[in-house]
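**Q** When I checked Swiss-Prot for this same protein, it listed these features:
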{"type": "BINDING", "residues": "Gly189, Pro190, Ser191, Gly192, Val193, Gly194, Lys195, Ser196", "note": "ATP binding site"}
{"type": "COMPBIAS", "residues": "48-60", "note": "compositional bias 'Low complexity'"}
{"type": "MOD_RES", "residues": "Ser58", "note": "phosphoserine"}
{"type": "MOD_RES", "residues": "Ser76", "note": "phosphoserine"}
{"type": "MOD_RES", "residues": "Thr84", "note": "phosphothreonine"}
{"type": "MOD_RES", "residues": "Ser101", "note": "phosphoserine"}
{"type": "REGION", "residues": "41-60", "note": "region 'Disordered'"}
{"type": "TRANSMEM", "residues": "117-133", "note": "transmembrane segment"}
Amino acid sequence: MDRSHPSLEPQAKGPCVIAPVRAVLRLRRRVCVLRKRRLLQPGTEPDSGTGTLGPTGSLGTLRADLDQPKFFTFDSLTELTSRTPRKRRRRSRVVLYPETSRKCRPRTERQSRAQRCLLLLVAIVGFQVLNAIENLDDNAQRYDLDGLEKALQRSVFGQPAAVGRIMALLRDYLATHVHSHPLLLALHGPSGVGKSHVGRLLARHFRAVLEDGALVLQYHARYHCPEPRPVQDCRKELAQRVADVVAQAEAEEKTPLLVLDEAELLPPALLDELHDLLQPQRSHHFHNAIYVLLSGAGGIEITHFVLQNASRMLPPLRHSAGSTQTEESPAQELLTSLRELLAREHPLWHTAAIVPFLLLDKPDVVNCFREEMAGEGFFPEQALAEHLAEQLSYYHVAGHEFAITGCKQVVAKVNLLQHKPAHAGH
């Protein structure tokens, strides 16, 4: 190096370690000079082999430029100065969310409040429907209508249509506990066809399922309102008894049963009282009740109808494809004629569900004898039952034998069997 410029490198004490360091510093210094020379203009080139500059530069400015960071580029200084700087576009900065916060994104579809209200309404209606179905099952189990139907089919002979209509009306009414009007069943037919027997079976069944005999009222016209008694007293007594029964049933949330036998003997004042009890203007606990009227009114019309249409009646134990239509047409005619006849007597039968009981055929009377014999302790022998049935009077029409008195004389005939062994011993 030139002696006029003292070296900035420290003097090495030994040639062993300092020599490589000096070489590195020398190379670094050379690289810096070459970078600076490339950036200078052509007239201000430094002297070759030395670190001095030309007349336009000095060592102080070179060191000041070396201290600032420079970036290497292949463009010359004139090209860099001639370029116009481009205006950079400002990019939209990406919004960064903290990891601990919740990212709230805009909703693509905004649900209206009406849709939410509709969904809530559908849920409420579905819940009410399920609750109603459960109530239907509870009422059916409480009153054991299946057991009642089996008991009626087993004990009532010759009246399948009447039993089916009674059970259909009871199932429809007892499906719910709240009603808008009471149920009035009017069982009509001639003597001995099983009306009173059905009334006793209904009363026995409801006493068992309700577990309270006070909720079943049986009213007999001849017994509770005999001829010398004033009619107004009977009317007040009937109204009070009905009010007590329905009030107790309302407190226990049950449906009471009120059976009125021999309704054809009831005075008009009592029929008026019953008609008032069935009105919708009454208190709501009067609506939750079942009334059963057992009446012989219309028995003559039913007898004439059966005898005139005996040829259209199906024989027993026969089930054909057209049996439904064959049975429905006469039954509808009979119901229409009975309703017109009874409505002329009193307006009570306008709201009643009329159930006609037809005449009993001879095989049905034989079954009545066997049933009574078994109940009295006798062996229900078929031949003996047929022999007893031969002693009754019948209508002989179109190959059928209809009992004139039905099963009314069965009890008396069976009671006579107890004296036959005594007569045989003589």
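Keep in mind that glycine also has a Cβ here, set from the backbone N, Cα and C atoms.
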**Q** Taking the binding-site residues one at a time (Gly189, Gly192), which has its Cβ surrounded by the most other Cβ atoms within 10 Å?
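**A** Answer returned by the neighbour count: Gly189.
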**Q** By a simple count of other Cβ atoms within 10 Å, which of Ser191, Ser196, the binding-site residues in the record, is least packed?
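**A** Counting other Cβ atoms within 10 Å of each of the binding-site residues Ser191, Ser196 gives the minimum at Ser191.
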**Q** Quick check: in three-state DSSP terms, what is Ser191 (ATP binding site)?
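**A** In the DSSP reduction, Ser191 (ATP binding site) maps to coil.
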**Q** Taking the Cβ of Pro190 (ATP binding site) as the centre, count every other Cβ atom within 10 Å, in any protein chain shown.
**A** 24
**Q** At a 10 A cut-off on CB-CB distances, which of the binding-site residues Val193, Gly194, Lys195 has the highest count?
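**A** Sorting the candidates by Cβ neighbours within 10 Å, the top entry is Val193.
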